[in-house]
């Protein structure tokens, strides 16, 4: 493809179109205002700061909306995954741990996108056009790795409360540290990375590649329902593929000081020996439902928020 023919979407990413599609043979330059100075080059600091700011706001808001709206489904998924053969699923208290989870999701989501978006744009700029999937995979994995600093303790507290071990987030944090040490807040950290790095990389790669293909076919930018639809597809595909990893992560995070499992490999061996391979797919139904609907909401809110923030930046530039 001709890298000089680009359509710039509201998220700051660029999608190349071939000449035969009849697009205007010009590059749409993003012009940013920085203290009255107009910045044209994407390497300029004000461009980076604008991308970082918009990513932090959009990512944090999208994460909050999804968690608040779909939390009961996540609770059901967690309880299904930890239930042993013959164990009953408790249907009460489906919002247990929501407050503490939202307090952690906001900075975690903001941190993820604060890393993902600038990394993605930088990689798309330096890599060949046909390596865009590599850029999305790498940026997603890096964003997941950095945000895990906040996401893991948030997930530990959330899942312990979802399974009825604690009544409040402050009590959970205090008692986990008292019984297991500070390391208890990062229980299952390795399994979390084992699940989330491929999950984040795959979900965002699938979503971004679907957007590129859709834009090429439609020869225009996507609207809100289309972004939501592609987000749902990406969520469903990734949710199915990573369910066994999620089961392992959940078991290790909720086991507490008892240490039923000694690690990832022991967890897998024990589950296979005592419950069979089907146990690794526990909770796939609610998980796929949660991630599918969540992907629709998340990416819909994300793209809309980024568009609004981008429009506001453009208005400030015109007024300057």
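A Cβ is built for glycine as well, from the same backbone N, Cα and C atoms used for every other residue.
Some features that TrEMBL has for this protein:
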REPEAT    50-122  repeat 'Solcar'
TRANSMEM  51-73  transmembrane segment
TRANSMEM  94-113  transmembrane segment
REPEAT    131-213  repeat 'Solcar'
TRANSMEM  133-152  transmembrane segment
REPEAT    222-308  repeat 'Solcar'
Outside the transmembrane segment (133-152), six or more residues from its ends: residues with CB under 8 Å to it: 104, 107-109, 111-113, 115-117, 119-120, 123-124, 127, 185-186, 188-189, 192-193, 196-205, 208-209
Non-local residues, at least 6 beyond the ends, that sit with Cβ under 8 Å of the transmembrane segment (94-113): 55-60, 62-64, 67-68, 71-72, 75-76, 143-144, 146-147, 149-151, 153-154, 157-162, 164, 168-170, 172, 200, 302
